[in-house]
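Asks: The domain 'Cytochrome c' annotation in TrEMBL covers B:63-143, B:158-236. Per TrEMBL, heme c 1 binding site is recorded for B:C76, B:C79, B:H80. As annotated by TrEMBL, heme c 2 binding site applies to B:C171, B:C174, B:H175. Per TrEMBL, the feature transmembrane segment maps to B:256-275.
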Amino acid sequence: MKRRKFDLAAAPGKAAAGLDDRFRAATPLRHVLNKVFPDHWSFLLGEIALFSFIVLLLTGTFLTFFFEPSMTEVVYNGSYAPLRGTPMSAAYASSLNLSFEVRGGLIMRQMHHWAALLFMAAIVVHMLRIFFTGAFRKPRETNWIIGSLLFWIGFLAGFTGYSLPDDGLSGTGLRIASAIMLSIPVIGSWLTSSIFGGEFPGTIIISRFFIAHVLLIPALLLALISVHVGLVFTQKHTQWPGPGRTNGNVVGERMFPRYAIKQGGFFMIVFGVIALMGGLFQINPIWLFGPYEAWVVSAASQPDWYVMFLDGSTRLMPAWQITIPLGDGYVIPPLFWPTVVLPGILVGLSTLYPFLEARHLKDYRTHNLLQRPRDVPARTAAGAMALAFYLVLTLSGANDVIADKFQISLNAMTWAGRVGLLILPPLAYYVTYRLCLGLQQHDREVLAHGVETGIIRRMPDGRFVEVHQPLSAQDHDGHGALEYTGWVVPKKMNRLGALGPAIRGFFYPIEKPAEAPVSPGHPPVEPRPEREEITSGSESHR
Amino acid sequence: MTSDNDRRRGLLARLRERPAARSRGRRRLGAAVRLLAALTLAGGAYTLFAPGAQAQDAPPMSSAAAEGKALFDVSCVTCHGRNAQGVEGRGPSLIGVGAASVEFQVGSGRMPLARQEAQAHRKPPLFTDEQTRQLAQYVQELGGGPELPEGTNLHSDGDIATGGELFRINCSQCHAFGAGGGALSSGKFAPSLRPASDRQIYAAMLSGPQNMPVFGDNQLRPEQKADIIAYIQETLKHDQDPGGFNLGRYGPSTEGLAIFLVGIVALVFASLWIAGKS
């Protein structure tokens, strides 16, 4: 009998060949695996959102096994003594059981909530990166629009999820949401009764929000995220300008193996940070809020941070009620403007921004290279203005907590918010614009005159001058001939190799730092020339 | 017909009807007797109910109240005036506020006031428990008012579940769900309940200090007050925070701060580290 020899080393190859024979996967897969991604820390911010979305799906699935989306009244008889014997909805009772009875339930609930906050935070931070570097320009406007829609859908996901436990705090939020819907002229009351199935709170809203939260919204998010990431693949990632990088190429690492391994590691880190926060920091202690009753409301009832700007705009809005003398008098309540009109304007402005900017600059070309924020002062300043506006609103959403804990009058906080909302954004615009111009000027100065060495030289006639290290050969005026290329200009001597290489290693020095493999797109790196003393040279200053 | 008429005329009319003529002498005598009787009654009632002239000289004050008055005349009289009648623009009258109010204000260090502002702050009390009781006794004997039950543990037979429900309905609007306090208008605030003792919470409910409404015994019965105190002392102060560090129990505002200061900062450092490894 002949014993067949099993060759372990050939097994993966054989299996792959077998797969390729059947599915013809090699050609498209090679295309994907060989995809080159540019590398910069700021390109990883969007991944935080993607990875926390994965954590959200995982933890959320766990939670659905134990959550009961029903408003049937039950009497709690679980292990949390301070609520025992209290009548409450089945949704709240099952959330309590999820927290106290189910093994690992509380950390799952907390991880889910922290992951939701992180998802939204990462979306905003990623969006800021895209905005300030001009990555939304042609051809990527569609992805910008999808991204801003993802924020608003995430907003809805967060709000519906936050309402599900039916605790005192989320019920207060739901009441506010119903008031916002009611404030819409003409259709308000119909809209509210159709969503709540009658008067607030009704008996159906938790089940409706549940299906929206676990099926409709995640499906929409998943679809949009797929298109978002797919577009990054087909349109290629933007990159910073620099040596060897043009509008027509991508310099970086291949998808497989290095980029994929890095992303896998980053996913582990994101998962780890969420798990740590879920384990260390208590979030949304629903057992303290008690079951929602229409007559229960607590001080410091805030929504989660990404909704807080709407709470803030409501708190700052003066009580301007418009009464239209039609029939018995038709009223547009003041709530309508800060909670329906303002977000409407914000959605419109944010989605249309790429087109507005292109139209304003008459720039319809394709851009694959990013811009440093300082090089486009108007856009950077506009972004700072929007950020200041958003921050004032968000802080105003917590103005009662700030007033109480910092012992400021609440009325003063409200007025500071109103005044700040009008004054701070233009101020932020002006200051940012000037900062950008100043940074630009300094870049040009260094290119022309060289890096400041920190060496002060006294001339024979008594003057003191600082010695500059020119970056290139200089003309007779002492000016360098380097052009600004849109990338970092070295401003410190050790960026030029004036100091020896930094000794690598965190706990102990690594004697010979290993050279990282360089991808072929990189220009050859020349060895550092031997150190020589910096001489002042009478023409090297100015 | 006459009887019908009689019946139809009211009682007043029948009373007003002049009695049968009597002799003038008898009428005069009767009037004098009635006058005398009325005067005796009025005078007697006056001597019975009105404080006599000698009351000023020897007040019916207990010794504790006398001690309290001595303290009052040194530390409180500037704002609350002589005999706690109050001083316009400085301090209110304390007639009728009761011992409960004094025990809350003085016992929690709010009185004596550090300065005139929107609301008094809790600070280390100036008076000992003994002195606080004496001051309370003095104010109590001045004009009565709500008083606290005896003992330092007022929640021993309270039910925390009922207390929690009552707390969420009556207290959390201002003091917040975690009893950490909250802002009111124009610099006023609902203080944190964490440093408050049983007696102080009870006294606050009974006397309604500063901006707090009064929760008299007809609004919250004494046993309901005990339930609320039990919830605050047993649950809110001793809750183990099963979820970890409670971030001050300020709700979503500190949670939002944490996700940026901890989550985003940690992950931005991680991305700097990863991107730096190319």
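Each residue, glycine too, has its Cβ placed from N, Cα and C.
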Asks: How many of the residues that make up the domain 'Cytochrome c' (B:158-236) does DSSP mark as helix, as strand and as coil?
Replies: 43 helix, 4 strand, 32 coil
Asks: Could you break down the residues of the domain 'Cytochrome c' (B:63-143) into DSSP helix, strand and coil, giving a count for each?
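Replies: Split into helix, strand and coil, the domain 'Cytochrome c' (B:63-143) gives 45 helix, 2 strand, 34 coil.
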Asks: What are the sequence-distant neighbours of B:H80 (heme c 1 binding site), meaning same chain, six or more residues apart, C-beta distance under 8 angstroms?
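Replies: Once residues fewer than 6 apart are set aside, B:H80 (heme c 1 binding site) is near B:F72, B:G86, B:V87, B:G91, B:P92, B:S93, B:L94.
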Asks: What subset of the binding-site residues B:C76, B:H80, B:C174, B:H175 has a Cβ sitting under 8 Å from a Cβ of chain A?
Replies: B:C174, B:H175
Asks: List, in sequence order, the residues of the same chain other than B:C76, B:C79, B:H80 whose Cβ lies within 8 Å of the centroid of the Cβ atoms of the recorded heme c 1 site.
Replies: B:F72, B:S75, B:V77, B:T78, B:G81, B:A84, B:G86, B:V87, B:R90, B:G91, B:L94, B:M111, B:P112
Asks: Long-range neighbours only, meaning 6 or more apart in sequence with Cβ under 8 Å: which ones does B:H175 (heme c 2 binding site) have?
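Replies: Set apart from B:H175 (heme c 2 binding site) by at least 6 residues yet with Cβ under 8 Å, we have B:G181, B:G182, B:A190, B:P191, B:S192, B:L193.
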Asks: So if I measure Cβ to Cβ from B:C174 (heme c 2 binding site) and keep only same-chain residues at least 6 apart in sequence, which ones fall under 8 Å?
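Replies: B:G181, B:G182, B:L184, B:A190, B:M212 - these are the non-local Cβ neighbours of B:C174 (heme c 2 binding site), listed in sequence order.
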Asks: Return the count of C-beta atoms lying within 10 angstroms of the C-beta of B:C171 (heme c 2 binding site), excluding that atom itself.
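Replies: Cβ-Cβ neighbours of B:C171 (heme c 2 binding site) within 10 Å number 24.
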Asks: Please name the residue among the binding-site residues B:C76, B:C79 whose C-beta has the most neighbouring C-beta atoms within 10 angstroms.
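Replies: Per the Cβ count within 10 Å, the most buried is B:C76.
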Asks: What whole-number Å value do you get for the CA-CA distance of B:C79 (heme c 1 binding site) and B:C171 (heme c 2 binding site)?
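Replies: With distance taken Cα to Cα, B:C171 (heme c 2 binding site) is 30 Å from B:C79 (heme c 1 binding site).
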Asks: How many whole Å apart are the CA atoms of B:C76 (heme c 1 binding site) and B:C171 (heme c 2 binding site)?
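Replies: For B:C76 (heme c 1 binding site) versus B:C171 (heme c 2 binding site), the Cα atoms are 30 Å apart.
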